[in-house]
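K.L.:
Sharing the record's features from Swiss-Prot:
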- G30, N31, N32, G33, E34, G35, K36, T37: ATP binding site (BINDING)
Amino acid sequence: MFLKKIYIKNFRNHEETQLTFKSRLVFFIGNNGEGKTNLLESISLLSYLKSFRESDQNQLLRWDTSDTFIRAEFESEGNEYLFEYGIEHSQTKRKKLKVNGEEFKKISDYVGYFRSIVMSPPDILIIEDGNVERRRFLDAFISSTNRYYLKQLIEYERLIKQRNAALKKENASDREIGIWDEPIIEHDSEIREIRTKTIQSLAGYFHQNLLQLSSGKDPYFLTYKPNITSKEEHKQKLIDNLRKDKAIGYTSCGNHRDTLPIGFDDKDLSGFGSQGQKRSAVIALKTACFQMIRDTTGEAPVLLIDDIIRELDVKRREYFVNLISECGQAFFTTTDLEGINEYVGNLTVDKEIYIIDSGKVKVFTEI
């Protein structure tokens, strides 16, 4: 996986930026607020078609403009791809996506073309904020490579919204609510099966990574505890919980209530871990995602690393450098130009530096 070119127009504070990449390691250097993370964000859209920072895509548009556009050329598994993505500022947020000139009517059909892993400071919330954030992380990770899962998830969420609307409806009959139960059960089962297999694999990578990061001092585990374990149990719970669900106005069982404990002996890292332990767990988890994609596809995903190296101690930096040496291509943002050589100066791979100032980009030099 290798990104060769990117062109962005009216994206955040970038009016028009065009870059060509020839190196495995690319650094975006600049003070806070100058637009370096915006560049990383534009690259992440090639994978996720949405920001890793912002839920409202209208915020991606440059101030006082009506649309934004991204064009990129990348190579994957020996094939060349031309990616074109436009977002129009409106209540409906009209989007148009083309790959090699072919328009995608459904965004979910694009999944898996450009694979990347984002590492950024807010990732610590995966540990600190518990199961809602962890389910969001897991869904995003699986959906980034599995189109079938994404379609199942989209349909499940649509069905839950429909059932919840019926639950809130005054004098809704049990039959009116129950018509949603069977399709919900079917989609829930598919999602649960894929989540189970994913966590079984991801957990192994995570545990080994964390042992290596902590020199064996933090033997924590990632586990998956589904809210429902079978179709039969799900059907019975929907019946048993109907009165309660009517009272609270939403569906109280299903995969949207799954838990993903990280810790040991029923103790979760969110409650007892130090900041260093939590940071190590995040790095171990994101590295596990990288390793799992690399091993299942045979090709390393692109790493997008947003200003986190300076937060790491010596041990974690060494681990990070080893990870970088395994990747196909990595993009970094940092304010610390002087520290780059200290982190990756010994790696015998090509490197490029770009200086970002008020949304303007210029080539600095090779390290």
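The backbone N, Cα and C atoms fix where each Cβ goes, glycine too.
On this model, are these features tucked inside or out on the surface, and what's nearby?
P.N.:
The local packing around K36 (ATP binding site), expressed as other Cβ atoms within 10 Å of its Cβ over all shown chains, amounts to 27. In the three-state DSSP scheme, K36 (ATP binding site) is classed as helix.
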K.L.:
Let me make sure I understand the structure: which of the binding-site residues listed (G30, G33, G35) has the fewest other Cβ atoms within 10 A of its Cβ?
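P.N.:
Least crowded of the binding-site residues G30, G33, G35, by Cβ count within 10 Å, is G33.
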K.L.:
Within 10 Å of each Cβ, count the other Cβ atoms, then let me know which of the binding-site residues N31, N32, T37 comes out lowest.
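P.N.:
Looking at the binding-site residues N31, N32, T37, the Cβ with the fewest others within 10 Å is that of N32.
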